[in-house]
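**Q** Below is a structure I'd like to ask you about.
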Amino acid sequence: DVSSPRYGGRGPQVVGVAWAFFVVATVVMALRFYTGWFITRRLRWDFHWAVITYILATVNACFFTISASWGVGNHSDVLNKQDIVNAGRWQWIGLPLGVIAPGTGKLAIVAFILQLQGRTNFRKSLVLHVIAWSNMIFDILQCIMIYQQCDPPRKLWDEGVPGNCRLLHTGTSIGVFVGSFSAASDLALAIYPLFIFWDLNMSWKKKLSLWGLFLGGVVASIAAIIKTVNVLTIRTAADKTYATSPLLIWSMVEFWLIILVGSIPPLRPLFLKGLRR
């Protein structure tokens, strides 16, 4: 309930980021479907991975919105104990989806780059596969670790539950590693296409314009870095409902950007068709 006093602080920012990106991504994904179905006449694995990422991102946005309605983003001193528990519960349910989404998003980008590259270079293809699948493996391991930090897992969002959280430090360390690896991978996938286009028989201006379609990955990399920095700040924060919100925001910015960045290059046939008219 957005009229509730629980909903405040940075809560509206969490909700605003979630659904602003959702609207833009929905339009872009619709255009991507149109391009694949009506112009290129094929929907390949890059599109299917993008759809999976879009679904994960949308469900994540729903959970984070519910979490914000219970008080995430607001200061703890304006919330009662049950509000804090409910806010934390929905936040922790949504977080694993936000961890997996960048991984499936990278699979979509790599699948598209492999189509552009063809089967001309086994080593380059192997590097791309390693980047994509290592991210997925690390993301899955982090998801498992999220619920292993406390025993029982419910203690993550309800400190009153008997038990312990002996693995919080380990969970934070894994989160920092996975976030850093994800940021480096986003940057690598933004730079890599330049090596494909550079060998093509076309003007350098056209090569750079094609490469420019992938440069949004640099922004996704920056978002991943900021998200990772926020992982470090949460563990020691006293006002956890307020301190958690930047992590949620930058987590969403990263995976929504990966969806958008990965969807712009496949739209090139649509852009060219529009320019010819």
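Cβ coordinates come from backbone N, Cα and C, glycine included.
Pasting the relevant annotations from TrEMBL:
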type: DOMAIN; residues: 31-271; note: domain 'Rhodopsin'
type: TRANSMEM; residues: 14-35; note: transmembrane segment
type: TRANSMEM; residues: 47-70; note: transmembrane segment
type: TRANSMEM; residues: 90-114; note: transmembrane segment
type: TRANSMEM; residues: 126-147; note: transmembrane segment
type: TRANSMEM; residues: 167-196; note: transmembrane segment
type: TRANSMEM; residues: 208-227; note: transmembrane segment
type: TRANSMEM; residues: 247-267; note: transmembrane segment
**Q** Among 14-35, 47-70, 167-196, 208-227, which stretch has the highest count of C-beta pairs below 8 Å with the transmembrane segment (247-267)?
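**A** Counting Cβ pairs under 8 Å, the winner is 14-35.
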**Q** Which of 14-35, 47-70, 167-196 shares the most C-beta pairs under 8 angstroms with the transmembrane segment (208-227)?
**A** 167-196
**Q** For the transmembrane segment (14-35), could you work out the same-chain residues 6 or more beyond its ends whose Cβ comes under 8 Å from its Cβ atoms?
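**A** Cβ under 8 Å, 6 or more out: 2, 43, 47, 50-51, 54, 57-58, 60-61, 64-65, 67-68, 72-73, 245, 248-249, 252-253, 256, 259-260, 263-264, 266-267, 269-270.
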